[in-house]
Amino acid sequence: MRIVLVGPPGAGKGTQAAFLAKNLDIPHISTGDLFRANISQGTELGLKAKAFMDAGDLVPDEVTIGMAKDRMEQDDAVNGFLLDGFPRNVAQAEALDVVLKAEDMQLDAVLDLEVPEDEVVKRIAGRRICRNDSSHVFHVSYNAPKSEGVCDVCGGELYQRDDDSEETVRRRLEVYHTQTEPIIDYYRAQNLVVTISALGKVDEVTARAMDALKK
Ligand code: ADP
(Lines of atoms letter the chains of each structure in order from A and count residues from 1; the text may use other names and numbers.)
(Lines give C-alpha, C1' and ligand atoms only; values in the text may rest on other atoms or scores of the structure.)
Protein backbone atom coordinates (compact mmCIF):
# COMPACT_ATOMS: atom_id res chain seq x y z
CA MET A 1 0.00 0.00 0.00
CA ARG A 2 1.07 3.56 -0.68
CA ILE A 3 -0.43 5.97 1.77
CA VAL A 4 -0.04 9.67 2.50
CA LEU A 5 -0.87 10.95 5.97
CA VAL A 6 -2.00 14.57 6.31
CA GLY A 7 -3.14 16.63 9.25
CA PRO A 8 -2.05 19.70 11.20
CA PRO A 9 1.04 19.64 13.42
CA GLY A 10 0.04 17.85 16.60
CA ALA A 11 -2.64 15.70 14.93
CA GLY A 12 -0.62 12.64 15.91
CA LYS A 13 0.70 11.78 12.46
CA GLY A 14 4.01 10.46 13.79
CA THR A 15 2.36 8.40 16.53
CA GLN A 16 -0.24 6.91 14.19
CA ALA A 17 2.24 6.39 11.38
CA ALA A 18 4.42 4.20 13.59
CA PHE A 19 1.46 1.92 14.43
CA LEU A 20 -0.01 1.89 10.94
CA ALA A 21 3.31 1.14 9.27
CA LYS A 22 3.79 -1.81 11.61
CA ASN A 23 0.26 -3.13 11.02
CA LEU A 24 0.56 -2.76 7.26
CA ASP A 25 4.21 -3.89 7.09
CA ILE A 26 5.42 -0.89 5.12
CA PRO A 27 8.15 1.62 6.02
CA HIS A 28 7.19 4.86 7.78
CA ILE A 29 8.80 7.73 5.88
CA SER A 30 8.73 11.01 7.79
CA THR A 31 10.44 14.00 6.19
CA GLY A 32 10.47 15.73 9.60
CA ASP A 33 12.39 12.76 11.07
CA LEU A 34 14.75 12.70 8.09
CA PHE A 35 15.49 16.40 8.60
CA ARG A 36 16.01 15.94 12.36
CA ALA A 37 18.38 13.00 11.71
CA ASN A 38 20.35 15.20 9.30
CA ILE A 39 20.49 17.99 11.86
CA SER A 40 21.77 15.75 14.63
CA GLN A 41 24.38 14.28 12.27
CA GLY A 42 25.43 17.79 11.25
CA THR A 43 25.03 17.19 7.50
CA GLU A 44 24.89 19.99 4.94
CA LEU A 45 21.23 19.18 4.29
CA GLY A 46 20.52 19.42 8.01
CA LEU A 47 22.22 22.78 8.18
CA LYS A 48 20.07 24.07 5.34
CA ALA A 49 16.86 22.78 6.91
CA LYS A 50 17.35 23.89 10.51
CA ALA A 51 16.63 27.61 10.21
CA PHE A 52 13.41 26.98 8.28
CA MET A 53 12.24 24.38 10.77
CA ASP A 54 13.02 26.52 13.80
CA ALA A 55 10.98 29.34 12.26
CA GLY A 56 8.05 26.98 11.58
CA ASP A 57 8.42 27.43 7.83
CA LEU A 58 8.66 24.78 5.15
CA VAL A 59 12.10 23.69 4.07
CA PRO A 60 12.46 24.68 0.38
CA ASP A 61 11.12 22.17 -2.15
CA GLU A 62 14.45 21.69 -3.94
CA VAL A 63 15.91 20.27 -0.72
CA THR A 64 12.82 18.36 0.41
CA ILE A 65 11.74 16.67 -2.81
CA GLY A 66 15.17 15.16 -3.54
CA MET A 67 15.47 13.86 0.00
CA ALA A 68 11.99 12.29 -0.06
CA LYS A 69 12.58 10.76 -3.49
CA ASP A 70 15.89 9.17 -2.36
CA ARG A 71 14.15 7.63 0.62
CA MET A 72 11.21 6.28 -1.43
CA GLU A 73 13.65 4.65 -3.84
CA GLN A 74 15.28 2.52 -1.15
CA ASP A 75 14.75 -1.25 -1.27
CA ASP A 76 12.40 -1.49 1.69
CA ALA A 77 9.90 0.81 -0.05
CA VAL A 78 9.35 -1.16 -3.27
CA ASN A 79 6.08 -2.66 -2.07
CA GLY A 80 4.71 0.45 -0.44
CA PHE A 81 5.24 3.17 2.12
CA LEU A 82 3.49 5.44 4.52
CA LEU A 83 4.43 9.07 3.93
CA ASP A 84 4.23 11.32 6.98
CA GLY A 85 4.83 15.04 6.42
CA PHE A 86 5.32 14.74 2.69
CA PRO A 87 3.89 16.15 0.46
CA ARG A 88 3.31 19.37 2.34
CA ASN A 89 2.35 21.67 -0.53
CA VAL A 90 0.88 21.28 -4.01
CA ALA A 91 4.29 21.47 -5.75
CA GLN A 92 5.47 18.51 -3.65
CA ALA A 93 2.26 16.59 -4.41
CA GLU A 94 2.86 17.15 -8.12
CA ALA A 95 6.47 16.03 -7.77
CA LEU A 96 5.30 12.88 -5.98
CA ASP A 97 2.89 12.14 -8.82
CA VAL A 98 5.77 12.37 -11.29
CA VAL A 99 7.88 9.95 -9.22
CA LEU A 100 5.00 7.49 -8.94
CA LYS A 101 4.04 7.71 -12.60
CA ALA A 102 7.62 7.00 -13.69
CA GLU A 103 7.42 3.69 -11.80
CA ASP A 104 3.84 3.02 -12.92
CA MET A 105 2.69 3.24 -9.31
CA GLN A 106 -0.27 4.92 -7.65
CA LEU A 107 -1.29 6.08 -4.21
CA ASP A 108 -3.96 3.97 -2.51
CA ALA A 109 -5.20 6.52 -0.01
CA VAL A 110 -4.62 9.88 1.62
CA LEU A 111 -5.55 9.67 5.27
CA ASP A 112 -6.57 13.04 6.67
CA LEU A 113 -6.40 13.35 10.47
CA GLU A 114 -8.80 15.98 11.73
CA VAL A 115 -8.35 17.75 15.05
CA PRO A 116 -9.56 21.11 16.42
CA GLU A 117 -6.99 23.91 16.62
CA ASP A 118 -7.09 24.50 20.40
CA GLU A 119 -6.43 20.80 20.95
CA VAL A 120 -3.42 20.96 18.62
CA VAL A 121 -1.79 23.74 20.63
CA LYS A 122 -2.32 21.82 23.91
CA ARG A 123 -0.91 18.63 22.45
CA ILE A 124 2.20 20.24 21.04
CA ALA A 125 3.04 22.37 24.05
CA GLY A 126 3.20 19.24 26.24
CA ARG A 127 4.83 16.94 23.71
CA ARG A 128 8.11 15.23 24.65
CA ILE A 129 10.11 13.03 22.29
CA CYS A 130 12.74 10.38 22.89
CA ARG A 131 16.26 11.18 21.70
CA ASN A 132 16.77 7.54 20.64
CA ASP A 133 13.60 7.05 18.62
CA SER A 134 11.18 9.76 17.52
CA SER A 135 8.29 7.28 17.43
CA HIS A 136 8.49 7.17 21.24
CA VAL A 137 6.30 10.19 21.90
CA PHE A 138 4.90 11.30 25.28
CA HIS A 139 2.84 14.17 26.66
CA VAL A 140 3.41 15.70 30.07
CA SER A 141 -0.24 15.28 31.03
CA TYR A 142 -2.07 13.18 28.38
CA ASN A 143 0.51 10.41 28.13
CA ALA A 144 3.02 11.04 30.87
CA PRO A 145 6.13 8.86 31.09
CA LYS A 146 6.39 6.82 34.31
CA SER A 147 9.51 8.73 35.25
CA GLU A 148 9.79 12.39 34.27
CA GLY A 149 12.11 13.02 31.34
CA VAL A 150 12.77 9.32 30.71
CA CYS A 151 11.37 7.20 27.85
CA ASP A 152 9.22 4.28 29.08
CA VAL A 153 10.11 2.21 26.03
CA CYS A 154 13.91 2.42 25.92
CA GLY A 155 15.08 4.62 28.80
CA GLY A 156 16.20 7.38 26.41
CA GLU A 157 16.19 11.05 27.33
CA LEU A 158 12.96 12.90 26.54
CA TYR A 159 13.21 16.39 25.07
CA GLN A 160 11.02 19.12 23.64
CA ARG A 161 11.51 19.85 19.94
CA ASP A 162 12.96 23.31 19.16
CA ASP A 163 9.94 24.05 16.95
CA ASP A 164 7.36 23.07 19.59
CA SER A 165 7.30 26.49 21.29
CA GLU A 166 3.90 28.21 21.28
CA GLU A 167 5.02 30.97 18.91
CA THR A 168 6.43 28.53 16.36
CA VAL A 169 3.37 26.31 16.64
CA ARG A 170 1.15 29.22 15.59
CA ARG A 171 3.36 29.80 12.55
CA ARG A 172 3.31 26.07 11.71
CA LEU A 173 -0.49 26.09 11.88
CA GLU A 174 -0.64 29.08 9.55
CA VAL A 175 1.70 27.32 7.13
CA TYR A 176 -0.50 24.23 7.36
CA HIS A 177 -3.65 26.18 6.44
CA THR A 178 -2.13 28.15 3.60
CA GLN A 179 0.25 25.60 2.05
CA THR A 180 -0.65 22.07 3.13
CA GLU A 181 -4.45 22.07 3.26
CA PRO A 182 -4.69 22.74 -0.50
CA ILE A 183 -3.23 19.26 -1.12
CA ILE A 184 -6.39 17.79 0.38
CA ASP A 185 -8.40 19.27 -2.49
CA TYR A 186 -5.70 18.16 -4.90
CA TYR A 187 -6.15 14.57 -3.71
CA ARG A 188 -9.93 14.88 -3.44
CA ALA A 189 -9.94 15.43 -7.17
CA GLN A 190 -8.25 12.00 -7.43
CA ASN A 191 -10.81 10.50 -5.05
CA LEU A 192 -8.14 9.41 -2.57
CA VAL A 193 -9.04 11.26 0.63
CA VAL A 194 -10.40 9.54 3.73
CA THR A 195 -10.96 11.83 6.70
CA ILE A 196 -11.08 10.56 10.27
CA SER A 197 -11.20 12.26 13.64
CA ALA A 198 -7.88 12.18 15.47
CA LEU A 199 -9.52 12.77 18.86
CA GLY A 200 -9.52 10.06 21.51
CA LYS A 201 -7.02 7.48 22.68
CA VAL A 202 -4.09 6.55 20.44
CA ASP A 203 -5.33 2.98 19.89
CA GLU A 204 -8.87 4.20 19.14
CA VAL A 205 -7.53 6.47 16.43
CA THR A 206 -5.38 3.64 15.01
CA ALA A 207 -8.44 1.35 14.86
CA ARG A 208 -10.43 4.10 13.15
CA ALA A 209 -7.61 4.59 10.65
CA MET A 210 -7.25 0.86 9.86
CA ASP A 211 -11.02 0.67 9.38
CA ALA A 212 -11.03 3.65 7.02
CA LEU A 213 -8.12 2.24 5.00
CA LYS A 214 -9.85 -1.12 4.49
CA LYS A 215 -12.68 0.62 2.64
P1 ADP B 1 4.72 18.33 12.51
O2 ADP B 1 3.90 17.45 11.64
O3 ADP B 1 4.44 18.12 13.96
O4 ADP B 1 4.69 19.77 12.12
P5 ADP B 1 7.22 17.34 11.28
O6 ADP B 1 8.24 16.59 12.01
O7 ADP B 1 6.45 16.63 10.22
O8 ADP B 1 6.26 17.94 12.39
O9 ADP B 1 7.89 18.63 10.57
C10 ADP B 1 8.69 19.54 11.28
C11 ADP B 1 9.24 20.59 10.34
O12 ADP B 1 10.07 19.98 9.33
C13 ADP B 1 8.22 21.39 9.54
O14 ADP B 1 7.69 22.47 10.28
C15 ADP B 1 9.08 21.86 8.35
O16 ADP B 1 9.92 22.92 8.70
C17 ADP B 1 9.97 20.66 8.10
N18 ADP B 1 9.36 19.75 7.09
C19 ADP B 1 8.94 18.48 7.30
N20 ADP B 1 8.43 17.94 6.18
C21 ADP B 1 8.53 18.91 5.22
C22 ADP B 1 8.16 18.99 3.84
N23 ADP B 1 7.58 17.98 3.20
N24 ADP B 1 8.42 20.15 3.18
C25 ADP B 1 9.01 21.18 3.79
N26 ADP B 1 9.35 21.18 5.07
C27 ADP B 1 9.12 20.06 5.80
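Cβ from N, Cα, C; glycine included.
Segment annotation: TrEMBL labels region 'NMP' over residues 30-59 (candidates 30-59, 60-89, 120-149). Each of the binding-site residues Arg88, Arg127, Arg161 was scored by the number of other CB atoms within 10 A of its CB, and the lowest score belongs to Arg161.
Binding of AMP is attributed in the record to Thr31, Arg36, Asp57, Leu58, Val59, Gly85, Phe86, Pro87, Arg88, Gln92, Arg161, Arg172, and the widest Cα separation among these residues amounts to 24 Å. Among the binding-site residues Gly10, Gly12, Gly14, Arg127, Phe138, the residue whose Cα lies closest in space to that of Thr31 (AMP binding site) is Gly14.
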